[in-house]
Amino acid sequence: MADGVRAVVADDSHFMRSVISDILSDGGIDVVAQARDGEEAVSAVIEHRPDVVTMDVEMPVMNGIEATERIMAESPTPVLMLSAHTDENADVTFEALDKGAVDFFTKPGGEVSMEMSRLKDQLVEMVSSVAAVDVGATGSRSGTGSDSGTAPTTAGGSATDRRGTGGSSGQTTYVANPTLVIGSSTGGPKMVEQVMENLPIEADLRVLIIQHMPEGFTGRFAERINTRSDYEVQEATDGARIGGGEGLVAAGDRHMEVKNYRNGRLRTKLTQDEPVNSVRPAVDVTMQTAAETIDDPLVGLILTGMGEDGADGIRRIKQAGGKTIAQDEATSAVYGMPKRAAETGCVDTVLPIDDIADGVIDTITTEVT
C-alpha cells in the first residue's frame, strides 16, 4: 500500500522527526525531507513535491496551521496533522482541518518511543491513505457555511414544501420520527459537518454520528457541529437520550449502542467492549443496535474512510427495512468504507457529498395525496 509514497515529516522535535521518519521508512514510505518548523515544511513541499506531509501543530517560526494554509495555496498536498492529545490541541487541530488538512493522528503521551512503536502500523496505513487523497477534487463545501440554515432542494421540491402544510398533488411531507446514523473515518470531519449543515431542522431527525476519533476530540467535534447546524448536537454520555432535532457524537474510545427506543426517543449506552474492525467507537456497533432496536424510519449513511467499518451495519439496517446511502468515490477522501458498504449490495444510493443531505431527505419524505 505504501510503495512509492513520498513524504515530508515536519516536527520541531528532532527526536519525534527521527521516530516518525523511521516508522514511515520501515513501512515502505520514502521520507524525502524533514522540517523543523512550518516555514521549512512549506519550502520542502515546494522543492520535493511529496505525496503527503505529516505536520506537527505547535512549531516555532510558523506553526502547523499557517504552514498547512500556505501549502494549500502554493502547492496543494495532502497534509496529516500529528497532534498532541490535549484539549488545546483539539481546537487548533480542527482549525488545521478548516485550512485544508485531510485528517489528524494523535501523538501519544508518556513514553513516546514505545507508544509510537505500538501505533506504527496505524500511522503507516493512515499516511498511505492520506497520500492517495486528491486535495483539489474532494470534499466540496458548496452550499455550506453562511447558507447552513437554508433548506436544501431535492427532486421532490424544497424542504420547506415538505412540512405537510399543503395537500396538493406533488407535495411531500416528512415521515414521523426518522433516525439517521452517520459513519465516517479518514477525511470525515468536514464531510460530516457539511451533511449536518444542510439537514433542515423540519425533518426532525434523531442523528447518531460515529467518527473514528480519539478521546479529547469528539467533544470539540460535537460542539462544532452544534454551532454549524440547526440540530442540537453533543458528545454522547452513557444513558444519553435524544429526540427529534437532536444528535449525539460517539465519544472517543467508547462504542455507542442504541439501548432502547420508545415514542420517538432513543437512549444510548457507552461501552469499552473490545474494538470492532480494529476501532472503538465502531460504526457497526451503533448501526447494528439501531437496526435491532428502532422500529421507526431508519437511515444509514457511510462517508469517507479507510477500512470496512460500517459495511455490516449497513447490511443490518437494510435487512431491518431501513434506507442506506454511501458517499461516491469521486468525493471521498478515502474510498474504503463506502466501497465496502456498496460491495454488500445493500446500499440503496451512492451520492457525491454535495447531494447527500438531499439524498437523506428523499429517504424520509412521502408524497401527499
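Using the three backbone atoms N, Cα and C, a Cβ is placed for every residue, glycine included.
Annotated features, as they stand in Swiss-Prot:
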{"type": "DOMAIN", "residues": "6-122", "note": "domain 'Response regulatory'"}
{"type": "MOD_RES", "residues": "Asp56", "note": "4-aspartylphosphate"}
{"type": "REGION", "residues": "136-178", "note": "region 'Disordered'"}
{"type": "COMPBIAS", "residues": "138-159", "note": "compositional bias 'Low complexity'"}
{"type": "DOMAIN", "residues": "173-367", "note": "domain 'CheB-type methylesterase'"}
{"type": "ACT_SITE", "residues": "Ser185", "note": "active site"}
{"type": "ACT_SITE", "residues": "His212", "note": "active site"}
{"type": "ACT_SITE", "residues": "Asp309", "note": "active site"}
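Positions of Swiss-Prot features highlighted on the structure.
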{"residue": "Asp56", "record": "4-aspartylphosphate", "DSSP (3 states)": "strand"}
{"residue": "Ser185", "record": "active site", "DSSP (3 states)": "coil"}
{"residue": "His212", "record": "active site", "DSSP (3 states)": "coil"}
{"residue": "Asp309", "record": "active site", "DSSP (3 states)": "coil"}
Fill in the blank from the handout: Between the recorded positions Asp56, Asp309, the one whose Cβ has the fewest other Cβ atoms within 10 Å is Asp56
Handout entry: Number of Cβ atoms other than its own within 10 Å, given for Ser185 (active site)
Key = 28
Problem - Cα separation, the residue listed as '4-aspartylphosphate' to Ser185 (active site) (Å, whole number) - result: 20
Completion exercise
the residue listed as '4-aspartylphosphate' and His212 (active site), compared by Cα position, are separated in whole Å by 20
Fill in the blank from the handout: Integer Å value for the Cα distance linking His212 (active site) with Asp309 (active site) is 10
Problem - Secondary structure content of the domain 'Response regulatory' (6-122), with strand meaning DSSP E or B - result: 57 helix, 27 strand, 33 coil
Practice task
Inside 10 Å of the Cβ of His212 (active site), count up the other Cβ atoms and send me the figure.
Solution key: 25
Completion exercise
Confidence over the domain 'CheB-type methylesterase' (173-367), expressed as mean pLDDT on the 0 to 100 scale, is 97
